[in-house]
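Asker: Dumping the structure here so I can ask a few things about it.
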């Protein structure tokens with residue numbers, strides 16, 4: 001009567017259609033989730049939490065608990081309103097006249113609500129079985145009353161119904177009319193005529209009437225909330241919910257039509273209990289109204305208690321809800337029922353029914369939208385295990401349900417909707433950072449997998465362009481205990497590219513009962529988390545380190561995301577130190593070093609690979625067209641100290657883009673030199689290194705026009721948009737040492753030029769031409785340059801073609817970098833710089 005009195009028949013039918021469209025889409029999602037596996041206590045909360053994870057589940061669980069609490073209070077207040085209408089003392093009437101014996105005031109109505117709520121509490125405390133019997137009895141009563149009401153529309157003769165309304169001077173009487181079936185009455189009631197609600201004194205509108213009406217449709221979760229008490233929830237919930245939705249929709253539409261065709265507007269707007277006046281047996285209507293509202297109040301109260309119990313049992317809020325876990329001997333969550341009753345009692349202080357209707361509707365719509373979102377996420381994730389037996393849904397119905405809920409939420413009350421979303425966001429963030437991890441499975445992981453697979457297929461390596469090149473690192477780690485700072489350094493060097501930590505385990509799977517790498521995987525992933533590096537982990541078994549590195553270079557990555565740069569620690573005789581325990585992550589916090597890593601190698605223990613094998617790995621990587629970085633003494637780099645020094649002077653990064661082991665071909669613009677420049681620039685762009693200055697060293701000889709060389713290099717840096725300071729370094733004394741000991745091969749200069757043109761930086765016999773005296777002098781030249789840098793980048797020559805020279809090649813690299821501190825030797829094989837837009 002309230003709805004059709006203010007909105008008219010057309011708008012009322014539209015409201016029902018919109019409301020039932022929204023809940024219809026939601027019911028399809030509920031049925032899909034409910035038939036996709038075993039359900040436990042908590043209804044919608046259980047569905048959402050197991051689908052979307054603890055953050056969404058916990059926050060929506062609280063919202064749904066509050067919605068049910070407010071809904072229970074709403075129905076209790078509705079019942080109080082009905083009781084006061086029937087038995088309240090009318091204005092100007094003496095107490096105790098006829099059946100009107102109950103005093104009316106805010107406090108008296110609060111008392112009546114408290115008594116009625118206590119009755120609901122008693123039923124819920126006894127348990128779900130007595131509640132089920134009580135609701136079935138109420139269903140029979142309501143069905144009987146509904147039958148008599150429908151008969152009354154046809155059997156009752158036209159009558160005038162006096163309506164006593166409160167007024168400033170006491171009360172006034174208006175006459176409402178029951179006209180029987182009349183075309184004139186129907187025509188007058190077709191359109192809307194929003195007036196003042198006589199119970200609250202507020203002007204009604206479409207949104208306020210819809211908010212009150214929608215509360216008559218929010219019972220669709222009543223069966224789902226009892227999921228923990230049903231014998232076969234996956235069977236009962238879809239059938240019960242769908243049949244209830246269809247039944248109530250038909251009844252609401254039928255009642256709306258009958259009322260509009262038989263009752264005038266005054267009766268509908270001024271007397272919400274008019275069915276009592278037109279019934280063939282008035283007391284039965286009163287009983288029906290009491291039974292329906294009492295049933296709804298109990299349903300929301302027991303639903304709220306089950307949600308609270310499920311939240312407490314999942315430990316999402318820790319000790320805050322620990323009390324709600326306690327149950328009776330029969331399994332009834334009595335403490336959750338009592339706590340829910342206390343919260344409902346607090347809500348009763350709000351007073352009038354229509355005051356809280358908007359808030360309740362907003363909460364329910366938000367929950368329904370999230371149920372649809374959960375089903376949509378499961379459908380979009382395309383997980384093989386999502387195969388509900390209920391098939392009458394699709395992602396289209398889920399999206400329509402979400403859109404309908406969100407639109408109606410803001411139409412009903414923009415303020416309540418915004419406040420609810422804000423509250424939901426706060427709960428989401430709190431649970432994300434404070435709640436313990438769960439083992440339910442995260443839908444976000446399934447969705448990420450689905451999207452990543454799709455985009456990886458779209459990432460076409462044939463469309464790669466040098467403008468968008470980025471380093472994609474494979475860092476080989478023998479033991480993380482001795483490589484913690486190197487892992488951190490390469491994380492700064494990757495520039496949003498792929499970063500893989502590779503490890504080779506020297507074992508033979510034929511002789512093992514199972515894969516030993518499975519047990520190590522968790523330790524490596526825990527290390528990545530605690531060091532806060534954005535890296536993947538790739539472990540392999542191989543008979544030798546060289547074979548293992550080859551495997552990883554061939555197989556690591558996927559699609560267009562494959563390593564293009566190999567990073568190795570330096571091969572020397574220094575005893576490794578356990579840098580993991582001294583890493584800032586573990587010294588500044590109470591974090592424990594991940595278990596599963598062996599202690600660092602003792603100085604007397606032989607290495608796992610020989611010098612020849614180490615250089616062979618470098619040669620293999622270059623043959624596979626991978627860039628190579630060799631990092632020496634990076635464990636001595638205290639990045640935190642270097643980068644937090646006083647602002648003047650800032651730390652420096654020294655860059656030597658010339659092949660110091662081949663002074664006869666000192667070029668600055670070959671592929672390798674440009675790659676070295678790029679890597680130094682990439683490090684300087686990392687957030688932690690932005691204060692550092694790039695210092696580029698230009699080695700010059702007398703009589704070679706150094707200023708012209710400097711200007712040419714400056715122009716190159718300008719074209720490449722690299723900000724660096726150039727420092728001229730005379731090295732005549734160094735090159736003189738080289739020429740004094742150099743013996744040219746028979747092919748002479750022509751052979752050299754041919755090799756250079758082919759892009760080979762180091763021809764095979766060059767290693768034998770460089771003396772230790774020259775290399776030590778070059779080392780001293782690098783070491784003397786000031787200020788002392790945080791890290792140095794040096795040119796890495798290509799290994800000789802003659803494998804017997806590998807030990808000599810490594811010896812020269814060791815001499816060149818001895819005592820230099822943190823140093824990175826770089827050899828690039830691919831073009832990585834661009835001067836184009």
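Including glycine, each Cβ sits where the backbone N, Cα and C put it.
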Asker: Need the matching range: TrEMBL marks transmembrane segment on one of 36-55, 136-155, and I'd like to know which.
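Answerer: Residues 136-155 are the ones TrEMBL records as transmembrane segment.
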Asker: Does the transmembrane segment (244-267) reach the transmembrane segment (333-350) with at least 3 CB pairs under 8 A, where each pair is 6 or more residues apart?
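Answerer: No, these stretches are not in contact.
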Asker: Same chain only, please: residues at least 6 beyond the ends of the transmembrane segment (204-223) with a C-beta under 8 Å from a C-beta of the stretch. Say none if there are none.
Answerer: 2-3, 6-7, 11-12, 15-16, 18-20, 23, 26-27, 30, 43-44, 64, 67, 71, 74, 192, 194-197, 230, 236-237, 240-241, 244-245, 248, 252, 296, 299, 303, 353-354, 357-358, 360-361, 364-365, 367, 408, 411-413
Asker: How about the transmembrane segment (12-35) and the transmembrane segment (356-380): at least 3 CB pairs under 8 Å, pairs 6 or more apart in sequence, or not?
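Answerer: Answer yes, regions in contact.
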Asker: Using a cut-off of under 8 Å between C-beta atoms, tell me which stretch among 56-77, 356-380, 392-412, 418-435 contacts the transmembrane segment (110-131) the most.
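Answerer: Checked against 56-77, 356-380, 392-412, 418-435; highest Cβ contact count belongs to 56-77.
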Asker: Using a Cβ cut-off of under 8 Å, list the residues of the same chain at least 6 residues beyond the transmembrane segment (356-380) that approach it.
Answerer: 22-23, 25-26, 28-30, 32-33, 36, 44, 47-48, 51-52, 56, 60, 63-64, 66-67, 70-71, 73-74, 77, 208, 210-212, 214-215, 218, 221, 347, 350, 386, 393-395, 398-399, 401-402, 405-406, 408-409, 412-413, 416-417, 420-421, 424, 443, 446-447, 450
